[in-house]
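Chemist: Quick one: structure below, then a few questions.
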Amino acid sequence: MVDRYFGFRGTPLLIWLTVCYTASMALFGYDQAVFSGIIVSKDFLQTMNHPDANMQGTITSLYNVGCFFGAVSGSLIGSYLGRKRSVVLGTTVLVIGAILQISAFSVPHMIVGRLVAGLGNGLNTATAPVWQSETTKAEWRGKLVVLGLVVNVAGFSLANWVTFGFSYLQGSISWRLPLAFKLLFCLVILCTSPWLPESPRWLISKGRIEEADVILADLQGGEHTILSPTVLAERNEIVRAYKLETENAMTWSQLIRGGSDKGGSRALRRFVLGLGTQLIVQLSGINATSYYLPTVLIESVGLEEKLARLLTAVNSVHYIFFSYLGMMLIDKWGRRGAMIYGTSGCFICYLVLTILVRTGQYTTDDGLRYRVGAASVSMIFLFYAIFGAGWQGTAWLYNTEINSLAMRMKGASASVAAQWAINYMVVQITPIGIQNLGWKFYLIWVFMQFFSIPILYVFYPETANRRLEDIDIVFDEGLRICVFLDKEATQVLRPSRFIAMEEQEVEQAAHNVKNVGTEDEKAKHTERYPFGDEKIRKEALEQLDNVYFPVEATQTGFIHNKGLSATTQVIALMARLVKQRDLANATLHGHSKEALSGSILEEAPFPEVLVAKAYSADRKKLDLVVYNGKETGVFQLGFESLISGQQYSVSPGGSVAANGAGKAFIDAEINGRTQIILQPIE
């Protein structure tokens, strides 16, 4: 087996993918929060010639404009370059933007740096969650994607503590070094992403099936190979889903015009649902406090600067804890439960906060103002706790799950672009709103949350504990608009019918039922050749020599198909091969030793003559090259102790492997489609 990814497979490989993903999300969180501490820095304001509230909002919010265009470009770039290279590109652009900000001595210079950094971050935030979700098992996907958002909060917290700590220093180091700190995250991303695997789903969408098979096997880990039933079942399901989606896919122009798909998986509806989660998050008021919490605490609550900075930093740690709690419970609560209950809790917090801020602004009693200020801080902390547990990771996760494969990159890009557009609006108006509207400014978020609750309850289906292809099936079948009336669409546990379907797919892959599409292909595979035809044997052997470079030839032999009865005899061929190479004590390769059961197909997939050669490279397995006059396949063989002279039969279409001593099997593919398995004749 070739060592890819420095030998990491399965869980270790998934861990490294998560390291890269979480680094990009930590960078996002850090960049989102760092400017809230810098914008109140005395040296920064002096260097930028004391910008007014409107200009402060512009400097801060133009970062989101860059993120918007970066996210919009993510659809094209992510689909063309792939998920992995898009993340590398986005991080490189972000590094350039960071350097521009660190070296800024004027407002225009800082704005250019903010815009460039935003372009890179927008591309990353549109691509990294998709890359993670497309390389993760269904049972882990929710936790790992939400883990990225927990780390996002950790980056947010780190930025608050860094700016708080450096606020005690004099000069430009108090804000330039916090801006430079983000380069550490960029270094982690650029050191890990180039050698990690590409999304197998993206590879399949580009027709690169063989590469996808290898990556799927590597992600499964253990002894899984490209011929393992679970790998084949997953590959076949992705291919099926992608084929269905591309046949019914919508272009951007069709989506904008409000056109409908051609009976596929309701692409427009799924697109809007994914977009809606990001809109609801941004209109919850979270970024009014994320970007300006020190300002909110100073202007609305009445705290002094150092205390406001300290409480902002403490709140960020508290935010991490509840975001982590949400990660641990996201699959138990489900996406619907997290969104509905999270929004309800945030609504109550903002309603109470608005009342408290109004009371504090109108009272002349210092004691009451102090108590109202303390209660306001408590409400802000409670708001962050509920938002962290219910919404922090759910919106990003739901968006990657709800869109089909053909629309996933478009959906992610549009949703993230919408997020940044609304983010820009919120960040731009917040300092002006607080200054001019006072407590009334917070009513905006109260009403937005109130109207979001019924929308989530009525229209949003559950996606937790389901394969991405399960969700495709639900929409293909015509999921009703008002999903709250559909028990299966709202239950948290995976519906039993999908579990049964997956078990059937794995069983089918294990038996590898013949998959022949057109009548021409059937004719090609069932074409007859006379047994023992020397001309065909000679041509076949010449063909084998042209397509394969043997390590060491050990045997040449026949396989004869007796017709539709499918009892092909291999007269002692395998026993002789093993005896010559002295592999009697070798272990099975790629499959368990348990017997597989099944039935023989009525139609033989091969012509009557198959010519085989076997080669040994490492004395643990053999490569068997088979040619049928039309196609060539390279098969891997695994052995237990074989008995010399044993006869074997081939079950066309594949039905049986063997268990026990003295038995063997071959997993074989011709052009990636047909499997044969050898079994001793009783």
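Using the three backbone atoms N, Cα and C, a Cβ is placed for every residue, glycine included.
Straight out of TrEMBL:
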type	residues	note
TRANSMEM	13-40	transmembrane segment
DOMAIN	17-464	domain 'Major facilitator superfamily (MFS) profile'
TRANSMEM	61-81	transmembrane segment
TRANSMEM	87-107	transmembrane segment
TRANSMEM	144-169	transmembrane segment
TRANSMEM	175-196	transmembrane segment
TRANSMEM	271-292	transmembrane segment
TRANSMEM	307-326	transmembrane segment
TRANSMEM	338-357	transmembrane segment
TRANSMEM	377-399	transmembrane segment
TRANSMEM	411-430	transmembrane segment
TRANSMEM	442-460	transmembrane segment
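Looking at the shown structure, what environment does each listed feature sit in?
Modeler: A Cβ distance under 8 Å defines the sequence-distant neighbours of the transmembrane segment (61-81), meaning residues of its chain 6+ beyond its ends; these are 31, 35, 89-90, 93, 97, 111, 114-127, 130, 202, 205, 409-410, 412-414, 416-417, 419-421, 423-425, 427-428.
Cβ atoms under 8 Å from those of the transmembrane segment (144-169) belong to residues 14, 18, 21-34, 36-38, 41, 128-129, 132-133, 136, 175, 177-178, 181, 185, 290, 306, 309-310, 312-313, 315-317, 319-320, 323-324, 326-327, 330, 388, 392-394, 396-397, 400 of the same chain, restricted to positions at least 6 beyond its ends.
Beyond its flanks by at least six residues, the transmembrane segment (175-196) meets 5-6, 13, 16-17, 19-20, 23-24, 26-27, 30-31, 34, 37-38, 41, 43-44, 84, 87-88, 91-92, 94-95, 98, 101-102, 155, 158-159, 162-163, 166 of its own chain at Cβ-Cβ distances under 8 Å.
Sequence-distant contacts of the transmembrane segment (338-357) (same chain, at least 6 residues past either end, Cβ-Cβ under 8 Å): 277, 280, 284-285, 300-301, 326, 329-330, 372, 375-376, 379-380, 382-383, 386-387, 389-391, 394-395, 398, 438-439, 442-443, 445-446, 449-450, 452-453, 456-457, 460.
Proximity of distant same-chain residues to the transmembrane segment (377-399), defined by a Cβ-Cβ separation under 8 Å and at least 6 residues beyond the stretch ends, is recorded for 129, 133, 141-142, 145-150, 152-153, 273-275, 277-278, 280-281, 284, 286, 289, 293, 296-297, 301, 303, 311, 315, 318-323, 325-327, 329-330, 335, 338-339, 341-343, 345-346, 349-350, 352-353, 356, 411-412, 415-416, 460, 463.
Non-local neighbours of the transmembrane segment (442-460) in the same chain are 273, 276-277, 280, 283-285, 288, 335-336, 339-340, 343-344, 346-347, 350-351, 353-354, 357, 398, 433, 481-484; each lies 6+ residues outside the stretch with a CB under 8 Å from one of its CB atoms.
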Chemist: Checking distant contacts: for the transmembrane segment (271-292), what same-chain residues at least six beyond its ends satisfy Cβ-Cβ under 8 A?
Modeler: 32-33, 35-36, 60, 156, 255, 339, 343, 346, 350, 380, 383-384, 387, 391, 394-395, 398-399, 402-403, 407, 410-412, 414-416, 418-419, 422-423, 426-427, 430-431, 434, 442, 444-445, 448-449, 452, 455-456, 459-461
Chemist: Give the nonlocal contacts of the transmembrane segment (13-40) in its own chain as ranges (CB under 8 Å, at least six residues past its ends).
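Modeler: For the transmembrane segment (13-40), the list is 5, 56, 59-60, 63, 87, 90-91, 94, 117, 121, 124-125, 128-129, 131-132, 135-136, 140, 144, 147-149, 151-160, 162-164, 167, 175, 178-179, 181-182, 185-186, 188-189, 192-193, 196-197, 218-219, 221, 290-295, 298, 305, 309, 312, 316.
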Chemist: Under 8 Å between C-beta atoms and at least six residues away from its ends: which parts of the chain pack against the transmembrane segment (411-430)?
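Modeler: Distant Cβ neighbours of the transmembrane segment (411-430) are 57-58, 60-62, 64-65, 67-75, 78, 118, 122, 125-127, 129-130, 270-271, 274-275, 277-279, 281-283, 285, 287-288, 291-292, 295, 399-400, 402-403, 441.
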Chemist: Do you know the mean pLDDT across the domain 'Major facilitator superfamily (MFS) profile' (17-464)?
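Modeler: So the average pLDDT across the domain 'Major facilitator superfamily (MFS) profile' (17-464) works out to 84.
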